[in-house]
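*Asks:* In case it helps, TrEMBL gives these features for our protein:
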- 278: active site (ACT_SITE)
- 337: active site (ACT_SITE)
- 360: active site (ACT_SITE)
- 400, 402, 448, 453: Ca(2+) binding site (BINDING)
- 467-477: compositional bias 'Basic and acidic residues' (COMPBIAS)
- 270-363: domain 'Transglutaminase-like' (DOMAIN)
- 467-490: region 'Disordered' (REGION)
């Protein structure tokens with residue numbers, strides 16, 4: 001009597017499949033495949049070969065704790081019937097004497113995650129045998145034309161999915177610097193941590209069956225991940241901290257990669273890691289999304305608006321010395337702000353709004369009750385379609401809000417000026433397969449001041465007004481030149497970014513005399529220009545204060561007063577110096593100093609306010625690779641660094657990392673560095689992945705936290 005077919009062994013062909021599915025850098029031992037693309041497995045039988053007329057093989061794929069046919073988390077699909085109800089497909093490849101190679105394919109809409117693969121074999125319609133064949137992980141597929149994350153450019157797929165390092169732009173709009181970052185999305189255990197992150201979300205905790213069923217949607221996944229990167233609602237990955245007090249954690253400026261953060265979160269039972277700020281949140285999200293297969297890039301917006309009341313106006317307050325005050329409404333203009341763009345179709349929106357979507361994991365405002373932002377279509381932001389999901393109005397305000405300046409004096413607030421150009425400058429991301437910076441501002445808005453840009457702004461305001469029971473006042477809907485005040489005198493505000501006003505007859509401008517290097521005195525001049533045919537007698541109050549990168553001001557630490565007499569059409573300079581000894585103890589980690597001048601004429605109540613933001617620079621770390629880099633061969637790396645200050649610094653720690661080069665982050669205790677002292681160390685490592693790699697390094701001490709450096713390295717597969 002013919003025996004029923006028995007499975008003895010299964011070969012998931014992990015190594016071969018993973019190469020075809022662009023997951024070989026994650027693992028060669030575990031099966032990781034992408035939806036909408038076939039993968040092959042081989043079944044080895046114990047007693048005989050497969051007989052098509054006698055044996056019916058039914059595969060079962062299950063994901064989540066409560067797999068169910070009706071919600072798509074359980075699939076049954078037969079080798080014999082390609083026209084069955086399941087969108088999963090099984091096809092016969094080769095039928096050997098005692099083995100069977102089959103091709104399996106998940107539909108391009110399948111939920112991503114960890115799957116259990118089983119098989120039911122019905123021989124002679126008498127006995128059904130069930131076998132567990134193994135586990136596999138299913139990911140999004142930007143190589144598949146019918147996947148909703150499909151990206152039709154191979155260089156873009158390599159940059160936004162495969163590349164595991166990059167740059168995050170920081171500084172200010174006049175001094176943009178790249179911060180090297182190790183995304184490390186293919187490093188050991190990162191895929192498991194990313195899936196754990198999904199399972200720790202509030203959505204999964206409340207309703208795991210529905211959550212798993214929705215994991216086929218990149219829109220849904222991106223919102224879940226966005227909320228889980230911060231810890232405001234849950235045991236997310238990172239605690240945010242903008243207080244300048246990081247004694248019980250890590251200063252956000254010290255991080256150089258995502259891997260150490262994600263592994264710490266996992267190792268501590270998913271306790272939030274301390275601490276992060278916007279670029280760290282965005283970098284972690286980039287790692288998770290690229291790991292899951294969604295094309296993602298990191299975006300920096302300089303002079304980024306944070307509009308807390310939804311009227312597209314950022315209110316800024318100044319005192320009579322020109323010092324910027326803390327904002328009681330918490331509206332701010334961040335020196336820079338960092339978020340993500342993820343590439344996906346938006347079938348939930350009208351046609352034309354797919355493509356790049358803004359996602360912001362920094363906890364600023366809630367969205368549907370959770371601290372997440374997006375996905376908001378970049379095209380919708382540009383066109384002012386602020387009523388489209390999700391959080392498009394908030395994203396619009398980050399790049400295109402107006403800035404309203406108020407003078408606070410005598411217990412009163414007086415509206416001085418409305419600036420239409422301040423917010424949203426030099427929106428930046430890393431270039432494709434290059435270390436250069438791409439300016440993508442035109443993706444977000446039309447040219448400032450152009451008729452099209454003004455129309456879009458007005459449209460956005462009208463949509464916001466229509467969506468609220470009580471909209472902004474009519475005056476706030478007008479995008480205009482300086483607003484006439486309703487106070488005691490004819491005040492005006494002259495900012496460097498504005499064209500000279502017909503009313504203002506004297507202009508003020510700051511000019512640095514030397515590059516602003518940390519440890520050196522800051523030398524600058526105030527240039528005063530009389531544009532009239534009369535003599536002008538000016539009194540100018542000058543001040544300097546530190547800023548945090550989110551726009552929060554710290555108390556002034558330097559003040560000066562200048563009396564300047566100007567002949568008709570005369571220009572004069574007033575020289576200023578802020579010694580290092582004076583600013584060093586007041587400097588924030590962001591190394592931002594705002595200098596300001598408030599001038600007034602002797603014979604006129606008119607006041608002129610100018611300011612300039614200075615970012616102090618450190619000398620970078622130099623990294624030299626000593627010899628050829630070859631997989632599984634020892635490699636020496638020399639790291640050269642220095643103390644840029646004219647004083648001793650203590651508690652110096654050097655951290656070095658690089659995906660494919662170091663198994664884990666290297667920490668070297670340096671101790672004390674003498675003033676201006678230069679030093680070097682040599683590290684030994686064994687590269688374990690080939691191709692283009694990057695080394696990232698950071699030096700911290702009790703006086704500074706983020707002296708950084710990087711070096712690109714190409715690792716050959718063999719000698």
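Heads up, the Cβ atoms here are built off N, Cα and C, so glycines get one too.
Bear in mind that TrEMBL entries carry predicted annotations, made automatically and left uncurated.
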*Asks:* If you compare CA-to-CA distances from residue 402 (Ca(2+) binding site) to each of the active-site residues 278, 337, 360, which comes out shortest?
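*Replies:* Given the candidates 278, 337, 360, the nearest one is 337.
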*Asks:* Using a 10 Å cut-off between Cα atoms, which of these binding-site residues sit near residue 360 (active site): 400, 448, 453?
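*Replies:* Qualifying among 400, 448, 453: none.
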*Asks:* Given the recorded positions 278, 400, 448, 453, tell me which ones have a C-alpha lying within 10 Å of the C-alpha of residue 337 (active site).
*Replies:* 278
*Asks:* Within the chain of residue 400 (Ca(2+) binding site), which residues six or more apart in sequence place their C-beta under 8 angstroms from its C-beta?
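*Replies:* Residues satisfying the criterion: 305, 312, 381, 423, 424, 444, 445, 453, 456, 457, 460.
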*Asks:* If you count Cβ atoms within 10 Å of each one, which of the recorded positions 360, 402, 448, 453 comes out on top?
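*Replies:* Answer returned by the neighbour count: 360.
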*Asks:* Who sits close to residue 278 (active site): which same-chain residues at least 6 apart have their Cβ under 8 Å from its Cβ?
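*Replies:* Correct list: 334, 336, 337, 338, 339, 362, 549, 550.
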*Asks:* Ten-angstrom check, please: count other Cβ atoms within 10 Å of the Cβ of residue 337 (active site), all chains counted.
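*Replies:* There are 27 such Cβ atoms around residue 337 (active site).
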*Asks:* Mind looking up the mean pLDDT for the domain 'Transglutaminase-like' (270-363) in the predicted model?
*Replies:* 94
*Asks:* What does the DSSP secondary structure composition of the domain 'Transglutaminase-like' (270-363) look like, as residue counts for helix, strand and coil?
*Replies:* 15 helix, 40 strand, 39 coil
